[in-house]
Amino acid sequence: MGDVEVSERRRIERSFSLFKIIPINDDDDTLHSKGTDFSPVDDGVVVDEKKDMDVVKEIDSLLPITESRKGNAYTAAFHLLSSGIGTPALVLPFAFTSLGWSWGIVVLTVIFAWRLYTMWLLVHLHEMVNGTRYSRYLQLAIVAFGEKLGKCLSIFPTMYLSGGTCVMSIIAGGRTLQLFYNTICENDQHCLHKSLSGAQWFLVFVCLAILIAQFFPNLNSLAWVSFVGSILGVAYFTMLWALSIGKGRPNGVTYNPSDNVTTTMAQFRAVLNGVAIIAIAFRGHNLVLEIQGTLPTNPKHPTKTRMWRGVIASYSLIAMCVFPLAIGGYWAYGNMMPANGIMGAIAKYHQESTPKWLIGTIYMMVVIQCLCSFQIYAMPVFDNLERIYVSRHLKACPRWVRSCIKLFFGGLTYFISVAFPFLGSLAAFVGGIALPLSLVYPCFMWISIKKPQRNSLMYCLNMFLGCLGILISIVQVAGALWNLVIDKLDANFFNP
């Protein structure tokens, strides 16, 4: 009997790892989705699909992303807002210094509308007519493009946008903690002398992040964390642009993009850099399907209705934060805007005239919001790591295993943040590689899965946007490499 049990377990593990994808159906036992092959590939071994489907559904119910499906439109909006707003958008006014008023507003509006449209595509692709749900971006990519191509196209972008965003949160949060400490010390040299090193501030941040993560076993349980992150994100964005406008413009402000460059080629590089900044300022597409996976569903009330309400609410607030910050920040500082964004501008031009308590409050809001977004972006990583244990043992991860997984991930991200503290300088380059996940793949996924009639409006629109997105991604990567070569990367390894 022991050999039989071992053989059965191996068969289940093999089928779980080798099939293209088996859908998760919350309402019935539908085994097939139109146009999709769910047959396992294992040297001709015929597997009982019904039994495999039950196993996969059981495994899915034990993983962090789909463990709890008790969310609603409000929790979805909080998750989307907390993950969609962050420190990359604080550099938007600097993008306007190379694009100017007209093109800056046009590019910002187009990118925002484009991302909102691809969000709509993903929301409507999450759940098929027969109830099949795809609660992970990789699952949908495999269904749309096939197993090999789907994994090839989506694994790196999703890994970067999850783990990479956590690393950037550590870098931004750790440095902001240091700024907060320096603000409290003011001009006290004895206090400043006792400040921690950059690596130690990073360690403080990651310890806080992993400590918080221990109390939230699944994505739906992070609703209150996302709520706090959303409130603080909207608050400090509003405070930054309002403070910049309220303080007035420094002397010598100009708005002519050509004032900052001396040659045509330099101006062209600056334009590419400006477009790249705007393109990577918005984020969160890699979490849309996961967030929608926390919502309950039934035939009369599919998830797309509630999820789209959450998207509209969150993106409305994101627009209310991002557009005033970009336009107001550029109005206040013009071509004098430093490369590190609006927080650097306030510190440079209004440090002495701004109350210390106000600056300290903004810094602490940024730190807490980074801690909140870290939790959301880390969840897909926890989900993938826990899947290894669950698929082998066919039971939920014990608490100590989950704790070890989170400690391992925290240690790994801390090591990367200390080893490569200059990752922010590579954001345009790596972001260009991951950009198709947001602007391109959803368009081609719609064509592949929905199969609209050739030459119809949806077919032409998605084909045009997909091809244009590929072109923008290639140009952004090339422009980022060009800038890195010309400006020379300051690669301060292990010296945060």
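Backbone N, Cα and C define each Cβ position, glycine as well.
So that you can see what the record holds, here are the features copied from TrEMBL:
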DOMAIN    70-479  domain 'Amino acid transporter transmembrane'
TRANSMEM  73-95  transmembrane segment
TRANSMEM  101-123  transmembrane segment
TRANSMEM  199-216  transmembrane segment
TRANSMEM  222-243  transmembrane segment
TRANSMEM  310-333  transmembrane segment
TRANSMEM  357-379  transmembrane segment
TRANSMEM  400-420  transmembrane segment
TRANSMEM  426-447  transmembrane segment
TRANSMEM  459-486  transmembrane segment
Query = With an 8 Å cut-off on Cβ pairs and a sequence gap of 6 or more, do the transmembrane segment (310-333) and the transmembrane segment (101-123) reach 3 or more such pairs?
reply = yes
Query = Can at least 3 Cβ pairs under 8 A be found between the transmembrane segment (73-95) and the transmembrane segment (459-486), with each pair 6 or more apart in sequence?
reply = no
Same-chain residues at least 6 beyond the ends of the transmembrane segment (222-243) whose Cβ lies under 8 Å from its Cβ atoms = 71, 75, 77-79, 81-83, 85-86, 89-90, 212, 216, 314, 317, 320-322, 324-325, 328-329, 342-343, 346, 350, 354, 358, 361-362, 365-366, 368-369, 371-373, 375-376, 379
Message = Checking distant contacts: for the transmembrane segment (101-123), what same-chain residues at least six beyond its ends satisfy Cβ-Cβ under 8 A?
response = 92, 95, 140, 255, 274-275, 278-279, 281-282, 285, 288-289, 292, 304, 307-308, 311, 315, 319, 322-323, 326-327, 330, 438-439, 442-443, 445-446, 462, 465, 469
Inquiry  = How about long-range neighbours of the transmembrane segment (426-447): same chain, 6 or more residues beyond its ends, C-beta under 8 Å?
reply    = 88, 114-115, 118-119, 121-122, 125, 137, 140-141, 144-145, 153-154, 156-158, 160-161, 164, 168, 273, 276-277, 279-280, 282, 285-286, 458-459, 461-463, 465-466, 469-470, 472-474, 476-477, 479-481, 483-484, 489
